[in-house]
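Annotated features, as they stand in TrEMBL:
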| type | residues | note |
| --- | --- | --- |
| BINDING | Glu77, Ile95, Asp96, Asp219 | Mg(2+) 1 binding site |
| BINDING | Asp93 | Mg(2+) 2 binding site |
Amino acid sequence: MQTAETTPGVAGRLAAARRIIGLAGDWAKGYFDRYDSLSVETKSSRQDVVSIADRDVEDLIRAEIRAAFPLDGLFGEERGGEGETSGYTWVVDPIDGTACFLHGLASWCVVIALVGDGRTLIGLILDPMSGRLYQAIAGGGAWCDGRRLSVDRTTPINGGLFALGASTVAQGAQMGRIVEGLLNAGGVFMRNGSAALSLAHVAAGHYLGFYEPRLSSWDCLAGLLLVEEAGGVADDFLAGPGLSGKGPVFAAAPQVAGAFRALTGE
Ligand code: IPD
Ligand code: CA
Ligand code: CA
């Protein structure tokens with residue numbers, strides 16, 4: 001099978017993505033340094049916040065991609081979609097973890113994925129506060145700053161950490177049941193406020209799994225590819241909700257995947 005690594009066009013786009021996400025991270029960090037002076041707007045609820053930082057960082061990423069690959073599609077959280085004729089579409093979350101960002105917490109990241117032929121070809125997640133760049137290429141592995149990533153393949157549920165996410169769309173009862181089940185199984189639950197960073201941490205073996213009932217492609221495609229390429233179990237979001245849909249996101253280390261999935265009720 002041809003891997004994304006050997007697909008013509010992907011290597012150049014990966015190199016460009018690395019450069020662009022670095023620029024975006026620096027730009028976002030400039031805003032974060034004065035987060036308390038940003039005017040905060042709300043979207044679907046009072047907890048669904050956004051600021052000029054999200055929009056400016058997405059605009060920067062889009063302009064760089066547009067200049068380098070004018071025929072590629074663009075799909076971003078803040079500015080929506082633009083069609084493609086090249087067969088490639090970039091999926092962008094300029095700041096994942098905006099609530100953390102706007103409350104002065106360091107748990108946020110920049111996310112870029114490239115989709116082609118119905119699958120995620122590359123995924124990059126930059127944590128500008130630690131400087132860590134997580135990147136995966138379909139069929140070519142997952143890496144962080146030169147280190148090959150692997151999920152934690154040995155720790156059982158009662159020895160590791162599980163990340164959960166939830167938005168303000170009513171999920172209280174389900175999340176309560178999952179937390180209860182995890183605690184009863186001896187597990188520990190975490191929520192860091194960034195779905196993408198949580199998935200990167202599953203790929204790096206820091207968390208054993210991640211689950212959130214309702215996310216969008218920009219939140220999860222890069223992270224799901226990271227987990228898959230790091231040897232974990234990761235649902236195929238494009239085959240389910242797709243590029244513009246919303247739906248559950250599940251990823252886990254193989255030895256706990258069955259039990260953790262049962263706890264989520266999915
Ligand atoms: C959010 C974060 C959060 C998750 C929300 C997402 P945003 O993305 O990933 O962890 O719980 O569902 O919407 O709004 O910070 O880009
Ligand atoms: Ca997001
Ligand atoms: Ca966002």
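Using the three backbone atoms N, Cα and C, a Cβ is placed for every residue, glycine included.
Remember, predicted model here, so these are calculated numbers, not experimental data.
Secondary structure at Glu77 (Mg(2+) 1 binding site), as computed by DSSP, is coil. If you count neighbouring Cβ atoms within 10 Å for each of the binding-site residues Glu77, Asp96, the highest count belongs to Asp96. Remark: of the binding-site residues Asp93, Asp219, the most isolated position is Asp219 (fewest other Cβ atoms within 10 Å of its Cβ).
Sequence-distant contacts of Ile95 (Mg(2+) 1 binding site), defined as residues of its own chain at least six apart whose C-beta falls under 8 angstroms from its C-beta, comprise Ala28, Ala53, Asp54, Val57, Phe101, Trp108, Cys109, Val110.
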